Amino acid sequence: MASRQWCEGHSTPVLCVGASGGPEGLLASGSEEGEVTVWNQEGAVLASLRLPSGDDVTSAVFSPAAPGLLYVSHGEMVSVLDPRSLTGAVEELQGAGEEEINSLALNETGSALAVADDSGVVRVLELPGGKVNRTLRRHTNIVSSVAFRPLRPNNLVSAGLDMQVMLWSLQKTRPVWTLNLQEMAEEEEGHQQKAGQLFNPPLAHCVSVATCGNVLACAAEDGRVHLMRVGSGSKLDQQGAIKAHSHGASQAHFLSFLPHPYWLVTGGNDGMVALWDLSQNPVVTVEDKGKPQAAPVHRRRPKARAKAKLQSQAKPQQAKEETKKEREEEEVEEGSSVDQSPGTEEALKSGPKLSFSHGDKVNWVCPTLLRGEPSLVVADQSPNLSVYSLAGL
């Protein structure tokens, strides 16, 4: 598939890309050794900056409420930049992470910033100012990705190298539920790896939430993208997976500008990029009334939490049932019924709607509109960006 190259913005491999929702439609990219570049819609470099720390820039997100604010993570710090005047940091949120930060996420109002780092901690900072509002400690290894749930500003999702995905309510410091990806992969009937694929544990690399707020996708090292549906009371209603890549899946992002919210783009270490229509996937669709219900899956939280190694298997966790009533969006029922949907992987027999070889290991995929045209901006091991058009899809 033909692509356009955006060049001369970096001298080191690009690690992350973010798109602004503002009228100017700016894009920002961050690379190794502290480089940040702002681009216009045509791929021209508007400004570049090398951060004084020289640490790799691992995440770049624009404020949805104030497109003139760009948040970038490097080392244990978060710098607030003005993309229209990239002369230096407007504000430094020092100590935002306990160790190197891997992922940033902003809620829809731009009033809260979630920070995920190597220590296994997720911190939620109040904006402006950067005061720590919540410190969430349940992961037993590196937290690689974090995302807020659209329409539910007090809910966020985290995923990590402990092979766990957690849904949090910011009114509490314990997760609403925890899904152990390795356990689910082992329980799935008839699970077989793709030919030529090494047996890799499902270390979670990237988590995304559809604009409806109820469907989650998590790209993992086993080459799969694990899907989850959140039901009433924030319960985990259903989960499944799609066989997305022959090597580790590094990226999964829902697209917000296509006719329905269930379009998902994935990227992997196999150099492939794929676009999926999940609207008919069993995890997304309303379950048939005649379909037998799965037995409730009740999980206990382990009492002790030693620091996990990459090969360790975290025990299944599920919080105890709560009887105290709260508002529907903050209701916590821990010990939910989960339909494991063993046939989910076979539901997409036709595979992705679009799949192409990018030719290099994918570091980041950013879906965005460029001059009104649906597009994918892909970062890899090079200092350049590749732009693929989705026009005519």
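Note: Cβ is positioned from N, Cα and C throughout, glycine not excepted.
Annotations in TrEMBL come from automatic prediction, not curation.
Tertiary proximity for the repeat 'WD' (7-40) is limited to same-chain residues at least six positions away from its ends with a CB under 8 Å from its CB atoms, namely 46-62, 64, 67-68, 70, 72, 74, 81, 83-84, 86, 363-370, 377, 379-385. Per TrEMBL, the feature repeat 'WD' maps to 7-40 (among others).
If you look up TrEMBL, you'll see 136-178 (among others) marked as repeat 'WD'. Helix, strand and coil content of the repeat 'WD' (136-178), in residues and according to DSSP, is 0 helix, 28 strand, 15 coil.
Taken from TrEMBL, the feature repeat 'WD' applies to 255-286 (among others). For the repeat 'WD' (255-286), same-chain residues at least 6 beyond its ends with a Cβ under 8 Å from one of its own Cβ atoms are 208, 210-212, 215, 217, 219, 223, 225, 227-229, 238-240, 242, 244-249, 341, 343-344, 347-348, 351-362, 364-365, 367-369, 374, 376, 378, 388, 390, 393.
The feature region 'Disordered' is assigned by TrEMBL to 287-359.
TrEMBL lists 297-308 with the feature compositional bias 'Basic residues'.
Annotated compositional bias 'Basic and acidic residues' per TrEMBL: 318-327, in sequence order.
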DSSP composition of the repeat 'WD' (255-286), residue counts helix/strand/coil, works out to 0 helix, 12 strand, 20 coil
Work out, from DSSP, the number of helix, strand and coil residues along the repeat 'WD' (7-40).
-> 3 helix, 16 strand, 15 coil
